[in-house]
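Per Swiss-Prot, transmembrane segment is recorded for 8-28, 39-61, 75-95, 102-122, 131-151, 157-177, 204-224, 236-256, 265-284, 289-311, 325-345, 349-369, and the stated evidence type is sequence analysis.
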């Protein structure tokens, strides 16, 4: 059976449209609020409500998939996200937008859980690395294209909302032409999320997703601030961020293929070591282009490899719950990482960004080295 079957390709097409909409709104919502002269703390609260919605959506989706299946869960998640988009146009204000962004956050997290779980259930331990690499490539390409659309199209609220909402609704169409089946789970009770977090033999994957959240959350949220403090112009910041994200896109396919061929443990060790090297290069004032490229190529590919590691440790009927647990772990890391790193940067030095990332990467590397040889490679799930 081909790795990229018809259902997988249609699912990724829908994801691309959704990611475009998510990227556009995540960039423009803070700007729209700033144009309405809302104080910074309220803009931050609206952003936090979106991530709080992510947490709730992650926890709800497993039971939804068990009851309604992948297709109908995907439709519902897309409609919830579309409602969160439309609501922004009803009234501009702190409480109103905090509510609608919370709803959008729930819908986005549900979409991610459905798509990631469907990909996990569509593959085996021999090709999940490539499936997740394709997923992350689509996600990052959609993010970059979303930023390009912002630079080329009008960005006022009522100009953006109609086509963004239309894009979300259009993302439903591809899955109308296929049916994604959760094979092997029909005769099992829904697995709970919390026991997945405590599985000893999957702990490296869970920890890897937390570390990935810390690394990516810090790079996404604080790298622009670091570059700004170094005297880089706004256009220059956009360029260097594009270099880093593009490196993540380029790295997805080869790293996913290497993980499938040589094992995820070896690839994770190399990735984490390269992240540390990238941080040391930035701290040592090395040439920024190669330093950011290797940091992006290694850091932005941690999540799919760690996820594939954890998912190959559980049975097919546990994949949805495990995926929820991993996305929850990633979200927690992406919330906590930038918060603590920003405090350290403010009180001490901007270099703490790379010291923090290198430190958590080093801790994870020690875990990976300590676990060497403890867990045999499992039999591939059919």
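Quick reminder: no glycine exception, Cβ is built from N, Cα and C everywhere.
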Answer key: the stretch among 8-28, 157-177, 265-284, 289-311, 349-369 with most Cβ pairs under 8 A to the transmembrane segment (75-95) is 157-177
Residues from the same chain, set at least six apart from the ends of the transmembrane segment (39-61), whose C-beta lies under 8 A from its own: 26, 29-30, 33, 73, 77, 94, 97-99, 101-110, 112-114, 117, 193, 320, 324, 327-328, 331-332, 334-335
Ranking 102-122, 289-311, 325-345 by Cβ pairs under 8 Å to the transmembrane segment (131-151) puts first 289-311
If we call contact 3 or more Cβ pairs under 8 Å (sequence gap 6 or more), are the transmembrane segment (8-28) and the transmembrane segment (349-369) touching? no
Are there three or more C-beta pairs under 8 angstroms joining the transmembrane segment (102-122) and the transmembrane segment (325-345), sequence spacing 6 or more? yes
Below 8 Å between Cβ atoms, which of the listed ranges 157-177, 204-224, 349-369 makes the most pairs with the transmembrane segment (289-311)? 204-224
Hey, which bits of the same chain come close to the transmembrane segment (204-224), Cβ under 8 Å, at least six residues off its ends? 196-197, 237, 240-241, 244, 265, 268, 272, 275, 295-296, 299-300, 302-303, 305-311, 313, 325-327, 329-338, 341-342, 345, 353, 356-357, 360-361, 363-364, 367-368, 371
